[in-house]
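Since the structure comes first, as structure tokens, the remarks are kept for the end.
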Amino acid sequence: MKNKSRLFTAALAAALMATTLSWAPVHASEGGLKSLRGAAIQAPETESADPFKTMKDSAPIERDYVQQPPLIPHKVEGYNVTMKYNKCMDCHSWTRYKETGATKVSLTHFKTRDGQELSNISPRRYFCQQCHVPQVDAKPLVANKFKPAEGIR
Ligand code: HEC
Ligand code: HEC
């Protein structure tokens, strides 16, 4: 028993070290940012001094392809999603959207992974920012020539 747990601890330590090592180059030694494909990239150029400052609230942003989760066109600071409370649904739920002027979440968001239709947000859609992201006023880090397919724009 004792041996086993010692072995486990050793394995865990090795795993932790491997993780730390694999991250190390990104941090100190090279000092720069790298894209997933390995190209060196610059920190984003922004109009404001704070590169993480979200864009000011705007009208919905045009989607680039049919199944795209729409981008969030407003600030989200302080909009917490916890186990008990989902701030996003305060405005985007079907019972609230009329008063708040927000787009209501689509019906697709009520379906469970087994295809069952619920009367409220499905657990797999609960954490909105898994898919919907706010925008900063910055140039893209990596150039992108994506064009949606003809016929389903
Ligand atoms: C205080 C109310 C409020 C809260 C809270 C809120 N929103 Fe919104 N949201 C709006 C309004 C209003 C709009 C529509 C803006 C417009 O039409 O001009 C909007 C628009 C959006 C859109 C764009 C919809 C489209 O069709 O393009 C997304 C996505 C979105 N919000 C996601 C979120 C997420 C995710 C959260 C939580 C982190 C959140 N919102 C919290 C009010 C809110
Ligand atoms: C797993 C990814 C995912 C999650 C999580 C998710 N969404 Fe979406 N959302 C999408 C996609 C994809 C679309 C566009 C297609 C559609 O309507 O299903 C969408 C569409 C929307 C729209 C536009 C609806 C319309 O009629 O045009 C709103 C508003 C929205 N989501 C809000 C939310 C909110 C609020 C949450 C959290 C409670 C959330 N979403 C969670 C992927 C997601």
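Glycine too: its Cβ is placed from the backbone N, Cα and C atoms.
Heads up, TrEMBL stuff is auto-annotated, nobody curated it.
The heme c 1 binding site annotation in TrEMBL covers His74, Cys88, Cys91, His92. Long-range Cβ contacts of His74 (heme c 1 binding site) within its own chain (separation 6+, distance under 8 Å): Thr54, Asp57, Ser58, Pro134. Annotation note: His74 (heme c 1 binding site) sits in a coil segment as assigned by DSSP.
Non-local neighbourhood of Cys131 (heme c 2 binding site): Pro69, each in the same chain, at least six residues away, with C-beta under 8 Å from its C-beta. As annotated by TrEMBL, heme c 2 binding site applies to His109, Cys128, Cys131, His132.
Annotated signal peptide per TrEMBL: 1-28, in sequence order.
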Looking only at His109, Cys128, Cys131, His132, which the record lists for heme c 2, tell me the maximum pairwise CA distance in angstrom.
13
Cα-Cα, Cys128 (heme c 2 binding site) versus Cys88 (heme c 1 binding site), nearest Å, comes out at 8
Give the subset of the binding-site residues Cys88, His109, Cys128, Cys131 lying near ligand 1, defined as CB under 6 A from any of its atoms.
Cys88, Cys128
Determine the minimum-neighbour residue: among Cys88, Cys91, listed as binding-site residues, which Cβ has the fewest other Cβ atoms within 10 angstroms?
Cys91
